[in-house]
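Asker: Could you have a look at this structure, given as structure tokens, before my questions?
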Amino acid sequence: MTQFLSPLLKALQNPHHSYGNFITTAANALRAPPNNAHRALSTFSLSSVRNQIAPDSTFTLVTQNVDGLSPRADRDIAEHHPEYTQNAPGGQPHLIEIHGRLFDILCNSDDCGEVEFNTVSPICEALAGTEQLVEKNTLDPDINPKDLPRCSKCGSLARPGVVWFGEVPHHLDLIDELVDKADLCLVVGTSSKVFPAASYASEVKKGGGKVAVFNVERSQGDSKADFLFLGPCEETLPKALGLSVSQDGKVSVKNLEATPE
């Protein structure tokens, strides 16, 4: 989850604390490109590719990440594959960002609810330079709330569009429906400590499905694994899915090379 951001109560009482961490994370996210694990998952959403591996299957990526790398990988794949759509036939989405989006800026006013997409870094002049203070673990800068980002529609204080501790993750009912009918769950690059996402693999197994875990090292999620792949996910995941993904988004399908462990 977004552990790098302050809990909700602290953020509401001292919004500059939340934004001090936000600006650091946003700057890092903007510098980072999607890797081959992101590209492999985006590629797997293409029915033309997936059906060569798992005919007549559907696929949805439920990501806990808020950094925007999965949507960026989707856009890269879409440039090379005109058949790409955001939803599969029947309306099943290819991507669900359960913890929100770092670059969505939400109005704090319940009467407004405006959402703006903003990748400007820093997002306002008052936050310029605060990322260095946060990275050095010095005290958060004391910024007057009136100088923090405001809703362009109503002028109320705005906040990062991520799920803070104490808030309910997005699209839980839809995810529960997908988990109930899933026969395979891929757990990729997570410690499996944050709920409800940490429970999805167990739910798939209860329904008779299989679980494949991809991680750089062992985690508490390994106990659920029918297949375990240890190592950099950008290497193990494409190989296990039988995919070859180039840096520019071009895709080829190889023979499936995943092996149970």
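Using the three backbone atoms N, Cα and C, a Cβ is placed for every residue, glycine included.
In case it helps, TrEMBL gives these features for our protein:
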- H99: active site, proton acceptor (ACT_SITE)
- C107, C112, C151, C154: Zn(2+) binding site (BINDING)
- 1-259: domain 'Deacetylase sirtuin-type' (DOMAIN)
Asker: Between C151 (Zn(2+) binding site) and the residue listed as 'active site, proton acceptor', find the distance joining the two CA atoms and give it rounded to the nearest Å.
Answerer: 21
Asker: Sequence gap of 6 or more, Cβ distance under 8 Å: name the residues on the same chain that satisfy this around C107 (Zn(2+) binding site), in order along the sequence.
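Answerer: Set apart from C107 (Zn(2+) binding site) by at least 6 residues yet with Cβ under 8 Å, we have G113, E114, V115, C151, K153, C154, S156, A158.
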Asker: What does the structure give for the C-alpha distance between C112 (Zn(2+) binding site) and H99 (active site, proton acceptor)? Integer Å is fine.
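Answerer: Distance between the two Cα atoms comes out at 21 Å.
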Asker: What does DSSP call C151 (Zn(2+) binding site) in the simple three-state scheme?
Answerer: coil
Asker: If you draw a 10 Å sphere on the Cβ of C151 (Zn(2+) binding site), how many other Cβ atoms land inside?
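Answerer: Counting Cβ neighbours of C151 (Zn(2+) binding site) within 10 Å gives 20.
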Asker: Average the per-residue pLDDT over the domain 'Deacetylase sirtuin-type' (1-259) and send me the rounded value.
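Answerer: Across the residues of the domain 'Deacetylase sirtuin-type' (1-259) the model's pLDDT averages 81 on the 0 to 100 scale.
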Asker: So if I draw a 10 Å sphere around the Cβ of C112 (Zn(2+) binding site), how many other Cβ atoms end up inside it?
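Answerer: I count 15 other Cβ atoms within 10 Å of it.
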